[in-house]
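What TrEMBL says about this one:
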- 21-40: transmembrane segment (TRANSMEM)
- 52-74: transmembrane segment (TRANSMEM)
- 81-99: transmembrane segment (TRANSMEM)
- 105-126: transmembrane segment (TRANSMEM)
- 138-159: transmembrane segment (TRANSMEM)
- 214-235: transmembrane segment (TRANSMEM)
- 298-318: transmembrane segment (TRANSMEM)
- 340-358: transmembrane segment (TRANSMEM)
- 370-389: transmembrane segment (TRANSMEM)
- 395-417: transmembrane segment (TRANSMEM)
- 429-451: transmembrane segment (TRANSMEM)
- 457-480: transmembrane segment (TRANSMEM)
- 489-510: region 'Disordered' (REGION)
Amino acid sequence: MWWDERVSARFRRNLQPTLTYWSVFFSFGLCIAFLGPTLLDLRCQTQSSLSQITWVFFSQQFCLLLGSCLGGVFKRTLSQSLFALFASSLAISLVFAIIPLCHNVVVLAVVMAVAGLAMGCIDTISNMQLVKIYQKDSAIFLQALHFFVGFGALLSPLIADPFLSDTNCILSNSTANASSNLPHIRKSLVPHHPGNLSHYDLPMKGMVVTRVSYAFWIMALINLPVPIAVFFLLYKERMVPCFNGSSHPLLSADELAMETRPGDKDELSPPVQRPHPAAGHDDLLSCCQSQNFRGASYTYFAVHITGALVLFMTDGIVGEYSGFVYSYAVEEPLAVVHKVAGYLPSLFWGFITLGRLISIPVSYRMKPATMVFINVVGVLITFLLLLIFSSSVIFLFVGTASLGLFLSSTFPSMLAYTEDILQYKGCATTVLVTGAGIGEMVLQLLVGSIIHDQGSYSFLVCGMIFGCLAFTFYAFLVFFHRMYPKPSPELDDASPDKAAVPGDTGQYQR
């Protein structure tokens, strides 16, 4: 194997929980990407207008952000985390099954809000759990985790595509103009920005003809093994009440390691050995409590804030580029034909997924800080070249692929980097997940408004500005990292990182 025996042995000891968290993130990706392609068919199903149906986007994104903030509430013990993941992954399967039954846009928005909450919980808890299991070795496993969300995001549009309507799915006397432009309308729809599509006549009343229900039922079946996998992990850990044969919980990793390590159990008393089950990984509200700030240096807060701001910008770039690159390409001066421009978002997400796959072995050889530096510099250079060659259609495709590669590993690398700086005792995971979610939602809305007022060229200008800000915040993060106090040798010996030695159990804590 291309990694060393210590990491390999640790992975084998944690094979089932690691594969479970990866599968749950596949469920997250499956749910995050289906809405855009299917939105017009859902508009027909609910017999709503374009402006009404785009509120479904907002309900999902807002509740995803809310779920990310509150995900840490279920992180206090392992049993709460796994039950939350089981409920969330099962809720996603139920959402897929229920969507074809929603014939009112308000009901559909509520269902998508539930899906958003489930996705937010999955996002926070899965990242936290992998960081807790592997700690200093977590970078490679976080890269794999985010590959699975990209794989799910690629798969769901492919499942939906054969069932999408080629003509207007509400039959009426005024469907000719809209039907001929249906692919263009579908690609131009982004959250809360129908753009200048209001001149298309999309009927709201008539006979509904759509087969998109089959796509949702297929995705529900594909996702069903995920909650089953989480249930088996709960069963293995003896956390299912009906099947719990022992009244005594299993020992945590640190406790079991200390019992099996020769010569240690006489030197350390039980109160010192027992770890806090969720230290440093609370929900956003708990992170903001005043008692967590006592004795903390200003660099402690600066690391959290600058790390979150980097992801605010980079995840915001992902949201705004995937949402508006099609609209930019079909406008002057490029004027790419609709069918060709429709490949750009797929190319972008495809190279994000490819980049995450490549980053799995790379992250083992390269430090997370170096990977983040390469990412933000690559994004900055790509936008600069896109601005210089703004009249070249070929370079737009090359730049889209390049941007996907550089953005692909930013989140997992930044998460591993900041958690390493804080010795896994801060609120980095919760703060970073929340910052990324806010950036993806806010910058997409901001860029949509700017493009509407200033024209399509401002799309690249905004990306360049966001890239410069991401690089600036990263430079501040590196500066605060150098200022951050290093742990003393005594504290380092007692830190959770020592769980990574070959003699431990390599299992996660309860």
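Every residue, even glycine, has its Cβ placed from backbone N, Cα and C.
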Message: Please report, as numbers and ranges, the same-chain residues at least 6 past the borders of the transmembrane segment (105-126) whose CB is under 8 Å from any CB of it.
response: 21, 24-25, 27-28, 31-32, 35, 42, 46, 48, 52-53, 55-56, 59-72, 74-75, 81, 84-85, 87-89, 91-92, 95, 98-99, 145, 429-430, 433, 437
- prompt: Is the transmembrane segment (81-99) close to the transmembrane segment (370-389), in the sense of at least 3 CB pairs under 8 angstroms with a sequence gap of 6 or more?
  reply: no
- prompt: Any chance the transmembrane segment (21-40) and the transmembrane segment (395-417) are in contact, meaning at least three CB pairs closer than 8 A with a sequence separation of 6+?
  reply: no
